[in-house]
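Per TrEMBL, the feature active site, nucleophile maps to A:C139. According to TrEMBL, the feature NAD(+) binding site maps to A:T12, A:I13, A:G109, A:R167, A:Q300. Residues or ranges marked as D-glyceraldehyde 3-phosphate binding site by TrEMBL: A:S138, A:C139, A:N140, A:H193, A:G194. Residues annotated as domain 'Glyceraldehyde 3-phosphate dehydrogenase NAD(P) binding' in TrEMBL: A:3-139.
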Protein chains: 2
Amino acid sequence: MTVKVAINGFGTIGKRVAEAVLKQDDMELVGVTKTRPDYLAKAASLRGLLYVPEEKLQDFEKSGIEVAGTLDELLRKVDVVVDATPGGIGKEYKKVYEKYGVKAIFQGGEKHEVAGFSFSTLCNYEEAHGKQYARVVSCNTTGLLRVLCTLHKEIGIEKVRATIVRRGADPHETKRGPINAIVPNPVTLPSHHGIDVRTVLDIDIATTAVVVPTTIMHLHVLNIVLKENVSKEKILEALEAAPRILVIPSEFSGIKDTAKIIEMARDMGRKRYDLNELAVFEESISVNGKELFLMQAVHQESIVVPENIDAIRALATNVSKEESIRKTDSTLGLVKTFDDVLKVISRFE
Amino acid sequence: MTVKVAINGFGTIGKRVAEAVLKQDDMELVGVTKTRPDYLAKAASLRGLLYVPEEKLQDFEKSGIEVAGTLDELLRKVDVVVDATPGGIGKEYKKVYEKYGVKAIFQGGEKHEVAGFSFSTLCNYEEAHGKQYARVVSCNTTGLLRVLCTLHKEIGIEKVRATIVRRGADPHETKRGPINAIVPNPVTLPSHHGIDVRTVLDIDIATTAVVVPTTIMHLHVLNIVLKENVSKEKILEALEAAPRILVIPSEFSGIKDTAKIIEMARDMGRKRYDLNELAVFEESISVNGKELFLMQAVHQESIVVPENIDAIRALATNVSKEESIRKTDSTLGLVKTFDDVLKVISRFE
């Protein structure tokens, strides 16, 4: 069975999920929608994939970019729509998705209540089966949950305190900042990230966040109290065994900051230097009794792409969690270990 | 005939030229050298390509990275070495290249006198035939010369005044700046770029330069006085007909700054978002009588890669300029027009 998929919103997340859908043998990308005529819209149009909201038809006609139809026409043809519209807009579109009885996947920019179910593959894939709506949690929450669900299952977590150091803008966002400040985000504690984690995993967690002038990655400083004493080896073993977590040996590799992580992804030939994997700095893992510290980096533009693909399968098929992870990760070329990273780089293609 | 090539220095330029050499059917990459054991050295080692200076053998042994031999051993096996060592170091290595009678290509970080011949494909490919040494001019000079040699041949140039707005650091350089200043570079006018242009093209040119806090591209503001009155159409026609110059229609595409140009390269799936083409903002081209203004963007990490490949052919073979450009540009996937850009993006791979 092939799941027919539409992507509503063809920006940072939408274009990546669209390309990921094109790589799945159990999915068909029927179309994408865009509201502004630009070079990406034109490229989608060349492939006959471009649909637009009815009220935007004139704008596209003026710009000479041919459209395949309207959003409504697209929704009639699909089983699942991935809503990748800007934060808060998905709620408005939900009415349209309801009208056509199409299953919908929202992004972390929407409130939990819009879908009524927040999704993160390693935590609750199975619970999504048969649901009409799901919300893939944000990039930061996805990064947190990959580690937290892994450690909670393996060892048990008592408490999490974490600081999220957020990037100020995405690389293409020339009008967003800060460009010379550190912004408490928000200044009233806690930040929403911990609250968002709890829509998926019920643990004691409080997060704080600041925004800094960088475009390439977020960085998390995690302080976790586990349910029992552990060794650094045990933590490493658990993280290395989990999918989508890449432990990076900084001393050996020379990769000691987010810029070097991105340079690694560039050397790997990753399209747009995307790193779908959560990157954990191996040397940052510090254990004292039940207490664990670590630092991890999140590629904000791409980390949620595998979870979106899994969410499509969870809602629309009976494919198991393990099988979905296997399919998603192999088609997207995800790596498990730093040795895999080296093998990819050594192709020099 | 296959040209056997070594790359001395496996950093920003070296790794890119090495990968480009691997794509040429008339060249063989025999090995690369690196002085620091890191993840890139390990990846080269996995392919049996890693050679190191004799005095560094111990460092690599300690780090457990296997080497195929020493730099001296590598030089005995090749016809041409591409020196991609840091600026000013190539001069020191020249003695070693001389010792083994190997032809050498230096980068723009070396003085003109080190090679005695400065190279830029569109300007003086033919003059390089049979030479023992050539120096591929720097990224900024390469960007300037692509446009200046094109316009000088087509129309004739009387005078050039240009301001080079330079990026402060490459993306991976976490210890370089500025990060919050605009630096006259140098404060004593003119900058070296115009002088460097004159090592290849004898015209009246004066340049000034400033460094700004960005990592992704340089931008040039050109003011050119031509030998005759021209129309904007004539300029456009000349630039569009030239290889390795990409004219970008900003209004139509929405690509109005260097960040958006890089986003375009990412959407094209360019490895490391490299843009070997010089990018000219179409709307910036302004003509008044003999006077021309335009703005162009230079991807500092990759623009000189095609010229390095051509320089290998120019020094070591009888391949003509046109044939070398054809081979280089098709193997590296260079585009000629914005329509080609759209076609590449629309693959959505």
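Don't overthink the numbers, they just go from 1 along the chain as shown.
Cβ coordinates come from backbone N, Cα and C, glycine included.
Automated prediction, rather than curation, is the source of TrEMBL annotations.
Mapped onto this structure are the features recorded in TrEMBL.
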residue: A:T12; record: NAD(+) binding site; contacts (Cβ under 8 Å, 6+ apart): A:D170, A:H172, A:E301
residue: A:I13; record: NAD(+) binding site; contacts (Cβ under 8 Å, 6+ apart): A:A84, A:Q107, A:E301, A:V304, A:V305, A:N308
residue: A:G109; record: NAD(+) binding site; contacts (Cβ under 8 Å, 6+ apart): A:P86, A:G87, A:G88, A:G90, A:S138
residue: A:C139; record: active site, nucleophile; contacts (Cβ under 8 Å, 6+ apart): A:G108, A:H218, A:V298, A:H299, A:Q300, A:E301, A:I303, A:V304
residue: A:N140; record: D-glyceraldehyde 3-phosphate binding site; contacts (Cβ under 8 Å, 6+ apart): A:I164, A:R166, A:H193, A:A209, A:H218, A:H220, A:V298, A:Q300
residue: A:R167; record: NAD(+) binding site; contacts (Cβ under 8 Å, 6+ apart): A:V211, A:V212, A:T214, A:T215, A:I216, A:M217, A:H218, A:Q300
residue: A:G194; record: D-glyceraldehyde 3-phosphate binding site; contacts (Cβ under 8 Å, 6+ apart): A:V160, A:A162, A:I205, A:A206, A:T207
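Apart from A:S138, A:C139, A:N140, A:H193, A:G194, the D-glyceraldehyde 3-phosphate site neighbourhood in this chain, defined by C-beta within 8 angstroms of the site C-beta centre, holds A:G108, A:V137, A:T141, A:T142, A:G143, A:L144, A:I164, A:S191, A:H192, A:D196, A:V197, A:T207. Across the domain 'Glyceraldehyde 3-phosphate dehydrogenase NAD(P) binding' (A:3-139), DSSP assigns 57 helix, 32 strand, 48 coil. Excluding A:T12, A:I13, A:G109, A:R167, A:Q300 themselves, the residues of that chain whose CB lies within 8 A of the CB mean position for the NAD(+) site are, in sequence, A:S138, A:C139, A:D170, A:E301.
Within 10 Å of the C-beta atom of A:H193 (D-glyceraldehyde 3-phosphate binding site) sit 26 other C-beta atoms, taking all shown protein chains into account. When every Cα pair among A:S138, A:C139, A:N140, A:H193, A:G194 is compared, the largest distance found for this D-glyceraldehyde 3-phosphate site is 13 Å. In the predicted model, the domain 'Glyceraldehyde 3-phosphate dehydrogenase NAD(P) binding' (A:3-139) has a mean pLDDT of 97.
Just so you know, the Cβ of A:S138 (D-glyceraldehyde 3-phosphate binding site) picks up 22 other Cβ atoms within 10 Å once every protein chain is counted.
Secondary structure at A:R167 (NAD(+) binding site), taken from DSSP and collapsed to helix, strand or coil, is strand.
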